[in-house]
Amino acid sequence: MSISQTVSKSYTKSVSRGGQGVSYSQSSSHKVGGGSVRYGTTYSSGGISRVLGFQGGAGGAASAGFGGSVGGSGLSRVLGGSMVSGYRSGMGVGGLSLSGTAGLPVSLRGVGAGKALHAITSAFRTRVGGPGTSVGGYGVNYSFLPSTAGPSFGGPFGGPFGGPFGGPLGPGYIDPATLPSPDTVQHTRIREKQDLQTLNTKFANLVDQVRTLEQHNAILKAQISMITSPSDTPEGPVNTAVVASTVTATYNAQIEDLRTTNTALHSEIDHLTTIINDITTKYEEQVEVTRTLETDWNTNKDNIDNTYLTIVDLQTKVQGLDEQINTTKQIYNARVREVQAAVTGGPTAAYSIRVDNTHQAIDLTTSLQEMKTHYEVLATKSREEAFTQVQPRIQEMAVTVQAGPQAIIQAKEQIHVFKLQIDSVHREIDRLHRKNTDVEREITVIETNIHTQSDEWTNNINSLKVDLEVIKKQITQYARDYQDLLATKMSLDVEIAAYKKLLDSEETRISHGGGITITTNAGTFPGGLSAAPGGGASYAMVPAGVGGVGLAGVGGYGFRSMGGGGGVGYGAGGGGVGYGVGGGFGGGMGMSMSRMSMGAAVGGGSYGSGSGYSGGFGLSSSRAGYSASRKSYSSARSSSRIY
């Protein structure tokens, strides 16, 4: 069975149990009328959203598409929006069909809704008790939904998008926008209920007052009637009036006496009550003042103890800071001396810095604990003494308060003395506070100075480190320049030695009268080769070709002139003019010195290595660098002359 209910939220869900499907369609609704029903239709913001019918599950618990009636105009067509799976089938009456609910309910009423509603709800109207069809908690008459077309029959299954919708809306259609909101109706009903309750309460109070007044009035009437009505006694009304007046006068006199006595007693009671209240108030004030003084005394003692402990702690911190400052100064001086020794190049000395931490080794926690225990004992003792001294005074004051104003005056004097003592204690506390503030200010200044000096020392150390790095770089550069100059000096010494050797050999040859052989060759040739055996000398003159090769004999020397282009020789240099010095190296493998070695010997090697200054087999190039040898043509004339 399909049951539709209307709530304030807008959403739709479907549940399938066994073979029967139970569909709940919930949407924003408007309530009209009054009364409640167990079954029936629901009137939503879009019209009639559901009617009662039968449904059967087919293929799952719910549908994922959109369902609608298949056929002509129907009672309700719903476009759903909840994502569920499967389809359901149903047996519709008057255009009822199963729809796959998927949220976003949109109810559209067909033109035959009135007749269908009348036909379907006829079985339930008898249970409700009238032609009205209730919606939610309020009633609505089905005449709001007149029909202009006959009933229609829905198909057994809901299609993916539903069938055609019904005809135009009937003339009796009510726009939900014109209906009041449920919140407004509910608020109005609550306010009316509260007003009715208030009026009922006032009316009940008035009724009670009227009843009370009526009862009092009846009593007064009875009394008046008893006094004024004549009695049936034989004496007659005259004697009764005389007796009543006599008794009334007597009673009135007694009443006046009693009233006077009552007034006097009340006055005396009020006077005594006033005195008692004054004494009680003064006693309570004195007790309160005494209690306040005791509390202030204890508080002041605790504050003084705490202040003293704070002062001791601050003094300890100041001593520790002084020692730390001295230690920092010693470390700084040691570092400055180390840096100065490193910069000036003096001997490195090992410094041992010894810091005396004996004062800091004191167990401050134990000392503070002992001091705290000592002062707690003193505070307890002082509190007990003060209580012992004040307790008798309190008792005396309690006794003397009842004695009279003299005791009050004495108590005021004692209070004045206590106030003076409290003022002195307050002044002492203020003085200690000011002293504590000054000490804290000094500590702050000292800490600031320490931080400032530390920053300055750090900056000085960093600048000294930078200067030290610059000096190290300069020393490295000076060492490199010194090595270069030393290599140059060595090369010059070697060249000077070679020239000296050459000059000594020439002088020896001239002094011994050695001969000189001059050979001239014609044609193109790579160079001349000459050898002087023994202690003789040979001179080979070669045109500027690839480069000559000279072999010096034992004890002799070879001289090559105008070597061009760069040549390869045994102990021969590259460019320019080279001298090969034999003897001591054997087989012509002597040192070769180039005259242009100081000018970086173009094409030669570096100082002390490579071709310019190396002995043995080496590759050297002249200024032109591996240039092609020049071909020279000369006359075929050869002459030999011995001096």
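Cβ from N, Cα, C; glycine included.
In Swiss-Prot this protein carries:
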COMPBIAS  1-13  compositional bias 'Polar residues'
COMPBIAS  14-31  compositional bias 'Low complexity'
DOMAIN    192-510  domain 'IF rod'
REGION    1-34  region 'Disordered'
REGION    1-191  region 'Head'
REGION    193-227  region 'Coil 1A'
REGION    228-240  region 'Linker 1'
REGION    241-341  region 'Coil 1B'
REGION    342-362  region 'Linker 12'
REGION    363-381  region 'Coil 2A'
REGION    382-389  region 'Linker 2'
REGION    390-510  region 'Coil 2B'
REGION    511-643  region 'Tail'
REGION    622-643  region 'Disordered'
Intrachain residues whose Cβ lies under 8 Å of the region 'Coil 1A' (193-227), provided they are six or more past its termini: 244
The region 'Coil 2A' (363-381): DSSP-derived helix, strand, coil residue counts: 18 helix, 0 strand, 1 coil
For the region 'Coil 2B' (390-510), residues assigned helix / strand / coil by DSSP: 118 helix, 0 strand, 3 coil
The region 'Linker 2' (382-389) - residue tally per DSSP class, helix then strand then coil: 8 helix, 0 strand, 0 coil
Residues of the region 'Coil 1A' (193-227) by DSSP state, where helix covers H, G and I: 35 helix, 0 strand, 0 coil
Within the region 'Coil 1B' (241-341), residues counted as helix, strand or coil by DSSP: 101 helix, 0 strand, 0 coil
